[in-house]
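Visitor: The structure under discussion is supplied below as structure tokens; questions concerning it will follow.
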Amino acid sequence: MELDNVMLSRMLTSMTLAFHIIFATIGVGIPVMISIAEFVGIKKNNNHFLLLARRWARGFTITVAVGVVTGTCIGLQLSMLWPSFMKVAGQVISLPLFMETFAFFFEAIFLGIYLYTWDRFKNKWLHWLLTIPVMIGSSASALFITTVNAFMNTPQGFELKNGKAVNIDPIAAMLNPSTPSKVFHVLTSSYMTSAVLLAAITSFAILRGKRSIYYRSALRLTMICSLVFSLGTALAGDVSAKFLAEVQPEKLAAAEWHFETESNADLILFGTIDENNQIHHAIRLPGMLSFLAGSSFDKKVIGLDDFPKDETPPLWIHYMFDLMVAIGSFVIVLSLVYLIAWRAKKFSEWFKPILWGIAAAGPLSVLAIEFGWIYAEVGRQPWILRGYMKVADAATTGQGVGLTFIIFAILYFILAILTCVVLVRMFKNKPAEAELEKRFNH
Amino acid sequence: MSLEILGISVLWIFLYGYLIIASIDFGAGFFAFYGKISKRDHLINNLISRYLSPVWEVTNVFFVFFFVGLVGFFPDAAYYYGTALLLPGSVSLVLLVIRGSFYAFGNYGSKENSFYLFLYGATGLLIPAALSTALTISEGGFLKEKGSGVEFLAKELFTSPYSWSVVLLAIVSVLFISAAFLTYYADRAGDMPARDVLRKFTLFWSPPTILASFLVFASLHAHNPGHFSKAIQLWWMFGLSLLFFLIASYLILKKKNFGTAFIAVMLQFFFAFFGYGASHLPYILQPFVTVHESITNPTMGTALVVVFIAGLLLLIPSLLLLMKLFLFDADYVKGKK
Ligand code: HDD
Ligand code: HEM
Ligand code: HEM
């Protein structure tokens, strides 16, 4: 592997995105959770939920800040690292990028208002209403940026003549075939990850001995949301897989180690592959790949052999796909078990293994987001603009990419540590019970 | 009006917006830090934090808006700047990241941490210095086209008197704009001790601002005579700028109408900034990029303008709400809410 500009640009882009996406995901999902908690709190006139919303919002200010600054980084780095790509694609796809900024703007304004007006309105519902523009703003920015990413996978709405884009239709570019399934999956997975993360934090606190009603209410609420959103995520993932089978078959085939076009194709879970593309130690589910790709065992699934060798993605993305699906299934089962345990009253909902499972599910969901993006992005290789431009032809020719990579690596490392330290300190210094007492019972 | 003029005007308006509100923010960081080390923080820091907390994220979006808009309207400019500015651009980015995140860490996380406050104050002066070099580079002479790309001539930039005069102007303007605004804000809050400290800051930074402007003019004459003579043809804009500067300084000196004084400061920079911009045309980046050649295709350009107008219809009422709640609500400003 040679550390040329292309490789270094890929590394820097990957690093920034991998870091940004954690905070972006949280930024899309947490406002929804805050809104739900405040809604329940006002509706039931229950201070526990109101305090929950308030404490989540306080932590959210930190993650938003990191999301904003890392987003600014990726926004500028796109032009600095991939100038040739932006020069061509900018002609076609800058519309959603532009709209995304408006969505941020809208969100930023109302988030500012929301955070500083907790006790300012006589009618509590007025304050809750402010969460609506915040949710619209953050989900809309996810929607717009995802159309850009979808465009890179299935570009349309232009023609390439002598390296210049002509006959441009920005709306068609935004509404490319990949957009619906991708947006659906990105949104549901963001909501899911945020719900599971909050559940994990609560569960961890309970394991450390906090047992008040406040924590019980929080865990119940977040676990109900986790179940709903993880089911939505799985549904959306299924839609995405069916979409890939139709439109971007090389990505699905690489993820499934599926070489020959055939019907009744097997689904391969985990395993290893040798240099002759022989698969060992894998779990084989007969016919399931056809079922996943087209809801029928007779569905013909296109294999990698139908593509030129230099236009197929690397095969290791198989593991990314499998891990993502495994984590998704784990969270669904886990939240079902928890809810049954609570409802049936047979087991205690404080059952330790379940609590540990929930605590682990938080970080795992974040990993699933990372695996999902790595799968989706590396699965597009070698293309940066599928069918039009390869990654290798798009990187900057400028000097200093390596140095820049090192600078940003250090920066993100420090940011990651400080974010955790600040968040932990923020909640340690103000335990929920004390705050509940101070705010509502004086 | 042609599409390219419309496009560049939209971008320039946003850059102007960023100039004003970011200056308030950057300068406030410096004053907060300075207040701490000169033991006057009990007088001014509360006031600064009351204003900044709800709006800092909005400030950042102005900046994002500008560069996303530049890529959208003028993809070629993004190509040249992107290739050439990887290192200097990254330095600005790192500073912005430090500033934004440490503001949040300091403000919401651990209060009273002097180190965070120091970073916040220092980056407040370094960022305008770093960002202003993008304008310097646009004057030409700091990029060389070679083979497959463009090369950035760092040595020329660091040894150019013009470049340093722009940096100087950026820093003193930030402090002047910020002090003028905070004086007004303190006055509204009825916080006389804070007002008096901030008023002195404003008066202190007022003469350097105008001196630095003349310095920039003089060095522009040496660096880029073509641009200089076009600027002279727009002398009335710079004259108006000077006039508003005098009005603002007079009002602040006489301790009256701080609101009007701040509006005059805004107009001072409005005329200077648009005079500079108009005389810079048709170039975005001399001599490589002009607005005429680099403008995006008409379909995209029209779409962007339509979205821009729709976006403004959405944003202006929201911004007014924000201002009504935090800037013009006397109780909030006075710290009673
Ligand atoms: C919590 C996170 C999470 C979980 C549990 C899952 N996914 Fe996922 N997946 C994502 C998070 C994600 C993602 C980060 O949102 C991706 C990356 C790019 C994208 O469009 O969504 C993604 C991409 C992605 C793609 C590629 C889409 C494309 O490139 O167009 C497919 C086919 C699936 N997923 C399928 C699934 C299936 C069948 C799941 C079964 C439960 C699943 N995902 C769970
Ligand atoms: C215009 C927008 C985009 C450009 C130019 C772009 C370009 C790239 C490139 C060139 C890579 C390196 C691929 C490789 O490792 O071989 C990459 C990786 C990646 N991208 Fe994209 N991408 C864009 C949009 C997105 C979006 C919207 C996301 C979602 C957050 C995203 C997520 C990722 C991730 C997580 C990786 C890391 C994959 C890895 O580890 O290799 N990208 N991107
Ligand atoms: C190429 C990929 C991406 C680019 C260029 C990008 C750009 C940006 C920028 C410029 C910001 C800062 C905005 C501000 O100043 O407020 C930001 C923040 C954010 N981005 Fe990204 N982004 C990318 C990927 C994503 C993805 C895939 C998502 C959602 C799934 C996302 C969601 C967010 C969120 C929620 C924030 C925080 C802003 C807030 O909460 O106000 N971004 N991004």
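Glycine residues also receive a Cβ, built from the backbone N, Cα and C atoms like all the rest.
TrEMBL: automatically predicted annotations, no manual curation.
Below, the features straight out of TrEMBL:
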TRANSMEM  B:12-34  transmembrane segment
TRANSMEM  B:55-74  transmembrane segment
TRANSMEM  B:80-105  transmembrane segment
TRANSMEM  B:117-137  transmembrane segment
TRANSMEM  B:162-182  transmembrane segment
TRANSMEM  B:203-222  transmembrane segment
TRANSMEM  B:234-253  transmembrane segment
TRANSMEM  B:260-283  transmembrane segment
TRANSMEM  B:303-327  transmembrane segment
Visitor: Go through the chain and flag residues at least 6 beyond the ends of the transmembrane segment (B:203-222) whose CB is under 8 A from any CB in it; none is fine as an answer.
Guide: 139, 161-162, 165-166, 168-169, 172-173, 175-176, 179, 228, 231, 242, 245, 248-249, 252-253, 272
Visitor: Report the listed stretch (B:162-182, B:234-253, B:260-283, B:303-327) having the maximum count of Cβ pairs within less than 8 Å of the transmembrane segment (B:55-74).
Guide: B:303-327
Visitor: Checking distant contacts: for the transmembrane segment (B:234-253), what same-chain residues at least six beyond its ends satisfy Cβ-Cβ under 8 A?
Guide: 180, 183, 199, 202-203, 206, 209-210, 260-262, 264-265, 267-272, 274-275, 278-279
Visitor: Could you tell me what the rest of the chain brings near the transmembrane segment (B:260-283), counting residues at least six beyond its ends with Cβ under 8 Å?
Guide: 5, 8, 12, 15-16, 19-20, 138, 140, 173, 176-177, 180-181, 183-184, 213, 227, 230-231, 233-234, 237-238, 240-242, 244-245, 247-248, 251-252, 289-292
